[in-house]
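As given in TrEMBL:
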| type | residues | note |
| --- | --- | --- |
| DOMAIN | 115-180 | domain 'Anoctamin dimerisation' |
| DOMAIN | 183-764 | domain 'Anoctamin transmembrane' |
| TRANSMEM | 194-221 | transmembrane segment |
| TRANSMEM | 270-288 | transmembrane segment |
| TRANSMEM | 334-357 | transmembrane segment |
| TRANSMEM | 377-396 | transmembrane segment |
| TRANSMEM | 428-447 | transmembrane segment |
| TRANSMEM | 566-593 | transmembrane segment |
| TRANSMEM | 617-641 | transmembrane segment |
| TRANSMEM | 723-752 | transmembrane segment |
Amino acid sequence: MYLMDPEQDGIELQERNMDGFDNTMEALLPTLHQQRTYDYVLVADKVEDQEHPKFLKQVAFIDHLRKKNMKVTKIVHVDKVFYGVRAPKEIFDKYRYLLKVSDSCNWSGDRKCGRIPHSTRIRVVHYILHHTHINTGENLRELQEKGVFEATFCLHEMNKQKVLKQKWARWSALCSTQPVDDVRSYFGEKVALYYLWLGWYTILLVPAAILGVIVFLYALAFFNTSPLIKEVCESDTVMCPRCDKWCQVWQLRDTCTYAKVSHLFDNEGTVAFAMFMAVWATIFLELWKRHKAMFVSKWNVFDWCEEEEELILGVVNDPDCHPKEFRHSYLRSTLVLVLVTLMLVLIIGLTQALVVFRVVAAVVLSEGTWEFVRDHANTVAVMLGAVLHYITMQVMTRVNKTVAFKLCEIEKTQSMTATERSFTVKMFTFQFFTLFSSLIYVAFFLGRINGRPGSYVRIFGKWRLEECHPSGCLTDLFIQMAVIMLLKQTLNNIFEFIVPWFKSKFRRNTTKKLERKSGDCNKNACREEEKRGHDPCDICKLHDWLRNYDLNDVNFFSLFNEFLEMVLQFSFTTIFVAAFPLAPLLALINNIFEIRLDAIKMVSLERRLVPKKTNNIGIWTKVLEAIGVLAVIANGLVIGVSSDFIPRLVYRYHYGPCANGEDNVHCMKGYINDTLSTAQITDLNVRKDFFPSQLITGSGFNVTQCSYKDYRNDVDYSLTSQFWLIMAVRFAFVVLFEHVVVIFKCIAAWFVPDSPMLVKNDRLKDKLCRLKEELQDMTYRQSTDV
């Protein structure tokens, strides 16, 4: 059974049938004494019926590859058909020449190297395969979706793979430096720049993590001597019930432990740390640009343009191709904008649903039979809400990905690079709102819109909204962040490694059976033939292809998901760091393991990624810059609005004992009582909010008044002048904080150049040398013509 005419166009086409040990092997062409490595492998199910549409489409696709002078080796084994694809030298000669005459890619090392790197061969062949259409107009992706081909992949190079495993992709290399040049040679610049960025990010997390630990230890040092904690723990103040029906009045001192925890994350040190992290984000980005410039200059891709390379590959694939022109449609742009807005409304709506869940959960838990849960219903509800938020994130990630893709299809972008940029922005926006909508509610709305005794705000007129603890709302934000960050990082890493490992083991067992059926060969003789430049035998080829076939599949999302995970972690580390100073430490520990985990997965558990050439991390740089701006705004609001830093400051210098001239008294004495207002049970509206049984203390006394956190008049419940003064100082602080930090960020960005002088001088010398070479070539051609 022949798939095509082996004589036409001088194509190498070999067919092998290997059904057990009685294999029929017949070479249709002599073995080539040229490049032995196959650039790509296509896998399809064996179809016996030659009139079947799948078989005809397989034949048609291979025939179109033949017309492009692609050399194909076909091996039939059991119920699978393997096609080894190898591009001829002429294709790469065209590619190198077009690089030389291009505007932006002429500095690349590929244009002048003697032997085309295998990573470049894979990239070129990948483009040709995915831009080859059969007569029905279907391309390789569409044929895969219809089951004509089961899998397509490029092959791992065993020697280089072994070197990467020894140097990099193993747990024992946890603290060793990354061989970025080797990674770039094997996986291409795009993957190398990801690991270069991740390694640089991890290194610069060290000072942030150290300072975060110092801030935490500073709070811990004054743990037992803080007058605020002492005031809460020794207070006799009776507080109003925290929920309806079953919650009773309670003593403020019952929350002594909560007040201590609050002090760990809501103190003077967090203000300085938040400012530091906002400036750190800018310094990190500026230093990253310098660090990246050194490597892309060394790799000769400083001026590389991905979109221009797409044009070059298009011409190599089809000399008569036409460019995909730039288009803009106001109708499509408006439609995309409306759909993005609707998607964000849906995500925010889910956040409100989580709020409702927390409110209802607090009520249900307070009515439970477990005393500990009943007494800490609000805290347990917060933690349950965080876990549910994590589950929602996992579900919405899949939804967000699908929606972002559909929106990119509506946009009809000009190139694959433009599509990738558009998809990245949309996907990150959706994920950002999915992750941070709940945190934004906790940080800026929790406890501020719940009303007061006698006038509580209720959901559907039934359930009271949550309240903050008298020590502040920052602890709720800390709990939410800690649970989400720990769950997200820990579970993601476990599943990210365990699932591919189990899949690989399962598929490996299946592939071993196929390898046993393919027979054996004289490996020493095979190696000798390879050294002489001959193809390996069919059994060796099949074993190599099967080893790659049994690995986990990879696609565009493989590297995108890694970037998205790390950039979202960067968001957690910077945006709400004022509420969680230990976030950089957790990120540092996670990243140390993340680098090796990703390396092991990419080298040993997954098929080889198609090497992509680039000179930066793409649109992610802009995303990181936007996160740096958001970090300034968010941390300013967290300190100024969410924390008790400003109320304490106002009390110390305007209402406290020191402001009133008292000596030998701590300036913060009486602060907690100053933040509380009193509700009179004799008030009819207040009495309607509580059952009589709720107003009895644990010792059996009926209370006539109870306290709640707010600045209100005890008679008519109007907001006091102290409330308005604190509000004014809050907004003044936010404006001042953001302007000061932005000034520091601008100075840091100006002070640190994007490219080192060494890189600029090297590029200048290289341009001069190339100009001299061109002049010499022109002079030589002129003298030859004469």
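Backbone N, Cα and C atoms are what each Cβ position is placed from, and that goes for glycine too.
Nonlocal intrachain contacts for the transmembrane segment (566-593), taken as residues 6+ away from its ends with a CB within less than 8 angstroms of a stretch CB, comprise 174-175, 198, 201-202, 205-206, 208-209, 211-213, 215-216, 265, 269-271, 273-274, 277-278, 280-281, 428, 431-432, 435-436, 439, 443, 474, 477-478, 481-482, 484-486, 489, 493, 620, 623-624, 627-628, 630-631, 634-635, 638-639, 642-643. By number of Cβ pairs under 8 Å, the transmembrane segment (334-357) is matched best by 428-447 from the list 194-221, 270-288, 428-447, 617-641, 723-752.
Sequence-distant neighbours of the transmembrane segment (723-752) (same chain, 6+ residues past either end, Cβ-Cβ under 8 Å): 275, 278-279, 281-283, 286-287, 290, 628, 632-633, 635-637, 639-641, 646-647, 649-650, 654, 710-712. Of the candidate ranges 194-221, 270-288, 377-396, 428-447, 270-288 has the most C-beta pairs within less than 8 angstroms of the transmembrane segment (617-641). Counting residue by residue with DSSP, the domain 'Anoctamin dimerisation' (115-180) contains 33 helix, 4 strand, 29 coil.
Here the transmembrane segment (377-396) has Cβ contacts under 8 Å with residues 242-243, 247, 258, 347, 350, 354, 357-359, 361-363, 365-366, 368, 430-431, 434-435, 438, 466-467, 476, 479-480, 483-484, 487-488, 491 of the same chain, all six or more residues outside its ends.
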